[in-house]
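Q: This is the structure, below, for whatever I ask next.
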Amino acid sequence: MAAAGPAAGPTGPEPMPSYAQLVQRGWGSALAAARGCTDCGWGLARRGLAEHAHLAPPELLLLALGALGWTALRSAATARLFRPLAKRCCLQPRDAAKMPESAWKFLFYLGSWSYSAYLLFGTDYPFFHDPPSVFYDWTPGMAVPRDIAAAYLLQGSFYGHSIYATLYMDTWRKDSVVMLLHHVVTLILIVSSYAFRYHNVGILVLFLHDISDVQLEFTKLNIYFKSRGGSYHRLHALAADLGCLSFGFSWFWFRLYWFPLKVLYATSHCSLRTVPDIPFYFFFNALLLLLTLMNLYWFLYIVAFAAKVLTGQVHELKDLREYDTAEAQSLKPSKAEKPLRNGLVKDKRF
């Protein structure tokens with residue numbers, strides 16, 4: 001396997017900073033970079049794209065074909081596998097309508113996160129334990145190792161599919177607009193980080209985010225399966241409770257602790273030490289910061305749910321992002337209006 005760079009810096013892996021050190025050093029590095037940029041503007045951006053971006057048309061075509069492939073595969077899996085399974089298990093109608101979406105996402109994110117974990121812990125890549133190493137030996141147009149390129153193709157094409165799926169296939173939720181923005185930002189980050197050869201940090205970002213989606217969809221599946229066929233299944237209820245606790249913990253630990261202190265610290269501060277004139281520094285850090293803000297936004301849902309459980313307002317697990325029955329009825333179009341279908345699930349609500 002091609003090595004991505006030295007396993008450590010001259011003095012070994014740098015200790016992970018505190019939040020205060022991240023803000024102080026990251027902000028200081030950004031200010032220094034802004035002051036030192038004497039020709040910042042569209043001219044510099046155009047030169048940077050011409051000199052440092054390497055993305056061939058066949059690669060974009062492959063990405064688009066992959067997105068179409070994911071969409072076709074999901075439609076086939078929903079019709080041939082997930083819906084028949086929901087019917088055979090006698091799920092309640094509302095749960096049976098939502099189960100295919102969660103099953104699809106659970107299988108994808110379980111596979112993608114497992115592969116990212118393999119790259120970070122089953123190979124020689126040192127990026128998790130030594131995040132600054134993501135920029136060691138960086139050069140414009142450097143070769144992308146095949147194992148990382150495969151991960152990028154799978155993830156990039158899936159997020160291309162997810163933009164379409166959020167609009168036309170998924171259940172419409174209170175955060176669907178933010179989810180759509182998240183998918184667009186993620187796709188831009190995947191494509192641009194590949195073009196500028198920041199793929200090493202990209203693998204770390206994907207690893208730190210996908211685990212929460214695995215646990216979220218696992219929990220939702222067990223919620224759907226705990227009441228079926230006129231019976232209450234305690235094993236699924238227990239799995240849902242444990243999954244909910246694990247999901248909340250992993251969201252904070254992976255997305256709000258490790259992600260800023262490993263990824264944002266490396267991109268905002270350490271990158272300039274390794275590559276002083278690193279191209280599109282502000283562009284990538286702005287997108288990563290936006291991703292952090294969206295992680296905080298969704299964490300508020302987790303905190304709100306925990307508060308409702310502790311105060312006795314909620315007695316069973318539910319997705320606070322989903323519209324309840326009363327809201328759904330009030331948001332449905334009148335009979336005289338043309339109904340807007342949300343893909344395979346239900347009416348879409350704006």
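Here the Cβ of each residue, glycine as well, is placed from N, Cα and C on the backbone.
The N-acetylalanine feature in Swiss-Prot is assigned to ALA2; the stated evidence is a large-scale study or a structure entry. For 53-73, 103-123, 148-168, 176-196, 239-259, 287-307, the entry in Swiss-Prot reads transmembrane segment, with the evidence type sequence analysis. Residues annotated as domain 'TLC' in Swiss-Prot: 97-311.
In terms of burial and nearby residues, how do these features look in this structure?
A: Within the chain, the transmembrane segment (53-73) has long-range Cβ neighbours (under 8 A, six or more residues past its boundaries) at 140-141, 153-154, 156-158, 160-161, 164-165, 169, 191-192, 194-197.
For the domain 'TLC' (97-311), the mean pLDDT of the prediction comes to 95.
Distant neighbours of the transmembrane segment (103-123): 1, 74, 77-78, 82, 85, 147-148, 151, 154-155, 158, 203-204, 206-207, 210-211, 213-214, 217-218, 221; these residues of the same chain sit at least 6 beyond its ends, with a Cβ under 8 Å from one of its Cβ atoms.
Residues 4, 62-71, 74, 108, 112, 115-116, 119, 176, 179-180, 183-184, 186-187, 190-191, 194, 199-200, 202-203, 206, 342-343, 348 of the same chain lie 6 or more positions beyond the ends of the transmembrane segment (148-168) yet place their CB under 8 Å from a CB of it.
Residues 175, 178, 181-182, 185-186, 188-189, 205, 247-248, 251-252, 255-256, 259-260, 263-264, 267, 314, 320-321 of the same chain lie 6+ residues outside the transmembrane segment (287-307) yet bring a C-beta within less than 8 angstroms of a C-beta in it.
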